[in-house]
Amino acid sequence: MTEANRILLGVNVDHVATLRQARGTRYPDPVKAALDAEEAGADGITVHLREDRRHIQERDVLMMKDALQTRMNFEMGVTEAMLAFAEQLRPEHVCLVPETRQELTTEGGLDVAGQEARIREAVERLRGCGAEVSLFIDADPRQIEAAARVGAPAIELHTGRYADAHSVAERACELARIRDGVEVGLSHGLIVNAGHGLHYHNAEAIAAIRGVNELNIGHAIVAHALFVGFKQAVKEMKHLILSAAARG
């Protein structure tokens with residue numbers, strides 16, 4: 001948990017691997033990107049090992065586990081194969097996410113309320129191997145309360161609908177929903193993180209919400225890095241969210 005008026009930045013390097021996999025090459029290396037992100041001020045590195053292995057591969061995860069100086073936030077679907085892999089990997093942080101093969105990116109939050117027994121079992125197994133578990137969920141009080149019931153110490157609120165809002169009014173509505181979700185999470189003693197679809201023009205409002213511990217941001221940083229370099233892109237995002245949190 002961060003101190004008041006401070007916020008952490010988790011840098012997701014999945015889309016460095018997306019660029020590599022597009023041509024089946026050995027470059028660019030997401031492990032190098034992760035190390036550069038740490039050097040530039042990232043507080044942690046997020047990677048999502050998807051069932052279809054469309055970007056990050058097992059080798060990337062294993063190398064990062066050994067090389068990172070901060071911490072790995074390992075995103076995974078709730079499947080037996082991924083649970084078994086995580087039990088061997090023993091990452092410091094695990095975030096359980098919903099996953100379907102057809103989606104371009106994670107399209108919604110995990111339905112914890114609709115499958116409490118299954119999620120509770122996964123949380124218990126992961127905590128048993130030393131991981132702090134978070135659940136990637138919508139800013140819905142019903143889902144947040146379910147997350148607390150299954151024993152997850154942390155949640156990551158899905159900011160996708162806020163990021164994709166088509167009008168000022170819609171965005172304000174989604175921002176209010178996230179703000180309320182943060183309050184509900186804190187009232188249940190949860191660590192509250194946020195992410196999905198955040199970029200250099202919309203992350204500040206989320207960073208300014210009191211009680212948000214960390215933002216996980218990837219695609220926007222990778223895209224901006226094409227023009228300014230990876231380290232600079234991370235530095236700019238870190239400065240942006242820290243400034244917003246201080247003002248908030």
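Heads up, the Cβ atoms here are built off N, Cα and C, so glycines get one too.
Database features (Swiss-Prot):
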- His48: active site, proton acceptor (ACT_SITE)
- Glu75: active site, proton acceptor (ACT_SITE)
- His196: active site, proton donor (ACT_SITE)
- Asn12, Arg23, Gly197, Gly218, His219: 3-amino-2-oxopropyl phosphate binding site (BINDING)
- Asp14, His15, Arg50, His55, Thr105: 1-deoxy-D-xylulose 5-phosphate binding site (BINDING)
- Glu156: site 'Transition state stabilizer' (SITE)
Assigned conformation of Asp14 (1-deoxy-D-xylulose 5-phosphate binding site) - DSSP reduced to three states: helix
Rounded inter-Cα distance in Å - His48 (active site, proton acceptor), Glu75 (active site, proton acceptor): 4
Inter-residue Cα distance where the pair is Asp14 (1-deoxy-D-xylulose 5-phosphate binding site) and Gly218 (3-amino-2-oxopropyl phosphate binding site), in Å: 7
Site extent for 3-amino-2-oxopropyl phosphate, whole Å (max Cα pair distance, Asn12, Arg23, Gly197, Gly218, His219): 25
His15 (1-deoxy-D-xylulose 5-phosphate binding site) and His219 (3-amino-2-oxopropyl phosphate binding site), Cα-Cα, nearest whole angstrom: 6
Distance [Cα-Cα, Å, rounded] between Glu75 (active site, proton acceptor) and Arg50 (1-deoxy-D-xylulose 5-phosphate binding site): 8
Other CB atoms within 10 A, centred on Asp14 (1-deoxy-D-xylulose 5-phosphate binding site): 21
Separation of alpha carbons, Asn12 (3-amino-2-oxopropyl phosphate binding site) and Glu156 (site 'Transition state stabilizer') (Å): 14
Secondary structure of Glu75 (active site, proton acceptor) (DSSP, helix/strand/coil): strand
Winner by Cβ contact number (other Cβ atoms within 10 Å) across the recorded positions Glu75, Glu156: Glu156
Pairwise Cα distance for Arg50 (1-deoxy-D-xylulose 5-phosphate binding site)/Asn12 (3-amino-2-oxopropyl phosphate binding site) [Å, integer]: 14
Rounded Cα-Cα span from His55 (1-deoxy-D-xylulose 5-phosphate binding site) to Arg23 (3-amino-2-oxopropyl phosphate binding site), Å: 11
Between His196 (active site, proton donor) and Asn12 (3-amino-2-oxopropyl phosphate binding site), the C-alpha gap once rounded to whole angstrom: 10
In three-state DSSP terms, the structure that His55 (1-deoxy-D-xylulose 5-phosphate binding site) belongs to: coil
